[in-house]
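Participant: One structure is given below, represented as structure tokens, and several questions about it will come after.
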Amino acid sequence: MQNVVHDLTSYLEQRLDPGGDNKLLFYDLCTIIKTATKADGFALYHLGECNNSLCLFKPAGANDGPPTFIPAGPITFGTTIAAHVATTRKILLVEDITGDERFPEGTGQDSDSGIHVHSVLCLPILTAIGDLIAILELHRHRGHEPFNISNQEVATASLAWASVAIHQVQVCRGLAKQTELNDFLLDVSKTYFDNIVAIDSLLEHIMIYAKNLVNADRCALFQVDHNNNELYSDLFDIGEENEGKPVFRKTKEIRFSIEKGIAGQVARTGEVLNIPDAYADPRFNREVDLYTGYTTRNILCMPIVSRGTVIGVVQMVNKLTGSAFTKTDENNFKMFAVFCALALHCANMYHRIRHSECIYRVTMEKLSYHSICTSEEWKTLTKLDLPTPLYKEIELFHFDISQFEELWPAVFVYMVHNSCGETSFELEKLCRFTMSVRKNYRRVPYHNWKHAVNVAHCMYAILQKTTGIFTEIEKKGLLIACLCHDLDHRGYSNTYLQKFDHPLAALYSTSTMEQHHFSQTVSILQLEGHNVFSNLTSSEYEQVLEIIRKAIIATDLALYFGNRKQLAELLTTEALDLDNHQHRDRVIGLMMTACDLCSVTKLWPITRLTANDIYAEFWAEGDEMKKIGIQPIPMMDRDKKEEVPQGQVGFYNAVALPCYTTLSELFPPSSPLLQACNLLYRLPTPYKVEVGSLHTLR
């Protein structure tokens, strides 16, 4: 018995394939048990396709042909002894089968073989969990001693030992297979994240492992085009190897209807198909073989499903170790199809991203063309001089730029040169930048190019009257920030954009438009020939960009109230220190608000016209809200014009006057701004009705 166990164990370790077809292995095991029980012969029966019949297994003959299966009848009582044991799943020892009425057909082989079987020992071969695999039928011929209990014990022990050994080897090799799978998944992840561009490499990687998983000769992966009801592929397994790895060739894409072939049916139904003989199956599409020059014998075809939809089909072709793909192959490949789905999902996502990138580049190229000034525009500006009387007027806080629209770019260039020096910027770049900024302001009633120049002028006037306080980099940054502080403004408030889930609100959750204005500023600076700060060092460039960013964000009026309150407390306690970076940022923030509100510091006719522009935007926004059934606030409701005076008084008291009061305390030379604001505030009420509100409460 020990010799039998040793033989069984050695044989199993050498021959057992946990994921393959082990029918020949069982036959060889039965040969060992036949010898151990001194039987004259044996028969090995496997289950039929629906597990309700038996098939007699015949190994390859002398010509090394394939094993054959001979139908041996249904699993039932009253026929053969093998069918009886398959039904009961119990061992049966019969000393003389010829007279046993339970088996009128005996072994079912006597008449064919010419051999008269006398005694039979029939045993079910079960898995570790009790599932029937096969039936072993041991024979002794007439004239020989019948089987006895001792023979039954040897056969039972041998099968039991074989069953345990098979289970253990399957577990060990299954763990090894799982480890191999885990290593593969890590490798796939590394391949994907290291080089996401090479999606074909990822697909190749997965197809190589899929071939090894089921021992297939070839592998094909088709993607589904649901729009055209087609399957397509451009990556083919050409059956060659390079350094032991299969070679996949990317060729011209082939497409065929989803109504054709086995792959087409799998794509339509989402069901697995295991075809043992491809050319005998009418569903097989021979066009692929004609195209590739390859002969398909058998196919295992599996759908790749993502979110309930078939997005691809993987087709394993020609089993290498066996006559056809097995149920075990199906189960293993079902698990692996999940990872194929991941790969295809990544491939499709990458394709869509690449497509979107191309659209984005084309759009940006077109946008760039329409948002950059022409060479004629900036060259004209380099030669443009201001009328002599303007030089004096520009120095005044209440300077009115309205009547000099064609000169606004030249006004800004002059202010930069006069404040920072004519060599502070390259003239060509400054002119390019200025004219392109003008082109990027929209034609909205108030937040437009005119407003930008007005705000820049107010900052220039403050800087001119506070010499020695701000550095050259700060002055450059603040003038550029003021010119750009409302770039690409759409005429709608932050509240409106956030309420209606505008894409800008998704990009910037706070200070939405202000962050967009800064982003647009940087975009223009990055255009060829537009970087006015190109002469700065990298650290100086970072510093000036941060000054611009903070200054533009400070124009969000929602931030003004806390900032002014903190500055007022610092002034009251005499704790303000301009060498303190936080204090300095707060001061610059207040200056930006003061410049942004400067329309309330102009002469009355200018202020009146500006107020009309402001209200044009307010009421346009209110009209849009009414269209979808939302009642706007009174300030934005054109039907509530009678409330304008009250709103205006509130604006002066809560925003404008406190702002200019604190600024004049910080910088007494800026007091003309406070005086002008106070003058307008004291206007008779009838005029205030005509003026309307004087600034946008964002």
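Cβ atoms here come from the backbone N, Cα and C positions, even for glycine.
TrEMBL labels come from automatic prediction, so no person has curated them.
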Participant: Do you know which of His417, His451, His530 TrEMBL groups with His485, Asp486, Asp596 in the Zn(2+) 1 site?
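Facilitator: Record check against TrEMBL: Zn(2+) 1 site with His485, Asp486, Asp596, extra candidate from His417, His451, His530 is His451.
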Participant: With DSSP assignments reduced to helix, strand and coil, which class does His447 (active site, proton donor) get?
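Facilitator: Looking at the DSSP assignment, His447 (active site, proton donor) belongs to neither helix nor strand, so coil.
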Participant: Would you identify the secondary structure of His485 (Zn(2+) 1 binding site) according to DSSP, in three states?
Facilitator: coil
Participant: Rank the recorded positions His447, Lys450, His451, His485 by the number of other Cβ atoms within 10 Å of each Cβ and report the first-ranked residue.
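Facilitator: By the 10 Å Cβ neighbour count, His485 comes out on top.
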Participant: Do me a favour and check the Cα-Cα span between Trp449 (AMP binding site) and His485 (Zn(2+) 1 binding site); whole Å is fine.
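Facilitator: Pair distance, Cα basis, whole Å: 10 Å.
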Participant: Of all the binding-site residues given, Asn448, Gln648, which residue's CB has the most CB neighbours within 10 A?
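Facilitator: The residue with the densest Cβ neighbourhood is Gln648.
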Participant: Reported as an integer number of Å, what is the Cα distance between His485 (Zn(2+) 1 binding site) and Asn448 (AMP binding site)?
Facilitator: 10
Participant: Just counting, how many other CB atoms are there within 10 A of the CB of Asp596 (AMP binding site)?
Facilitator: 25
